[in-house]
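Straight out of Swiss-Prot:
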type	residues	note
SITE	8	site 'Transition state stabilizer'
BINDING	44, 45, 66, 158	substrate binding site
BINDING	181, 182, 183, 184, 185, 186, 209, 210, 211	ATP binding site
SITE	217	site 'Transition state stabilizer'
């Protein structure tokens, strides 16, 4: 089996039918021509924010990571492992892609430990067992995995989806693409930066050009590139016609080098 490709979905993609249609059309086109197995990892930040608003619950973040109190983890699990995951499975079904919905704890695919007491039920992802996912891939299924995990003591944890995808890529020896709303990392003039190193990233953070959630994303991508020992791509789902090329190794966004 060829080494798998993990596509991490983020941003407003889950909220946009147009975006999902573009993405799944690109997946179908890619699968027609390539044998490479695909795995989708997703969060669902926007979906969770909307749900919190409806329930009048405050959304607190610390260093770009969502604070998840004990009384909110069930709601967030429902949104991510439930609604977001099943929405993606429904789109896969509509496009004739055989898929299976999972969370990080299934088959111990990604192991999770608590990240920081102040963040509550927020987990740090670590490589786990490739057995279940490889079994699914060998049988032609596309796993669709939410970024909810579980600790060894049985506590549900909300995990940053970029970090979850990185841990899974390390588990499977897979390549990784982080798909989001932005076409990559932009410089001070709004131009796409084609390649990014650790030194360049720190410089742009110090200059205030990379801020907030993008800092978390860049650090996750740099960690991923270091952990995996190979480049990681950050790109946008908006350029649907370029996605099959991206899935085939052509950089259309920012390529993060270890």
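All residue numbers here begin at 1 and follow the chain in the order shown.
Positions of Cβ are set from backbone N, Cα and C atoms, glycine also.
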Could you give the Cα-Cα distance between residue 8 (site 'Transition state stabilizer') and residue 44 (substrate binding site), in whole Å?
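Approximately 11 Å lies between the Cα of residue 8 (site 'Transition state stabilizer') and that of residue 44 (substrate binding site).
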Quick check: with 44, 45, 66, 158 left out, which same-chain residues have Cβ atoms within 8 Å of the centroid of the substrate site Cβ atoms?
43, 48, 76, 79, 80, 147, 161
Check the Cα-Cα distances from residue 183 (ATP binding site) to the recorded positions 44, 45, 66, 158, 217 and tell me which is shortest.
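When the Cα distances are compared, 217 comes out closest.
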What is the total of other Cβ atoms whose distance to the Cβ of residue 8 (site 'Transition state stabilizer') is within 10 Å?
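Total other Cβ atoms inside 10 Å, all chains included: 30.
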Quick check: in three-state DSSP terms, what is residue 181 (ATP binding site)?
coil
Among all protein chains shown, how many Cβ atoms are found within 10 Å of the Cβ of residue 185 (ATP binding site), not counting that one?
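For residue 185 (ATP binding site), the count of other Cβ atoms within 10 Å is 24.
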Which Cβ among the binding-site residues (158, 183, 211) has the fewest C-beta neighbours inside 10 Å?
211
Based on Cα distances to residue 158 (substrate binding site), point out the closest of the recorded positions 181, 209, 211, 217.
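Going through 181, 209, 211, 217 one by one, the closest to residue 158 (substrate binding site) is 217.
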Pop the Cα-Cα gap between residue 217 (site 'Transition state stabilizer') and residue 66 (substrate binding site) into the table, whole Å please.
14
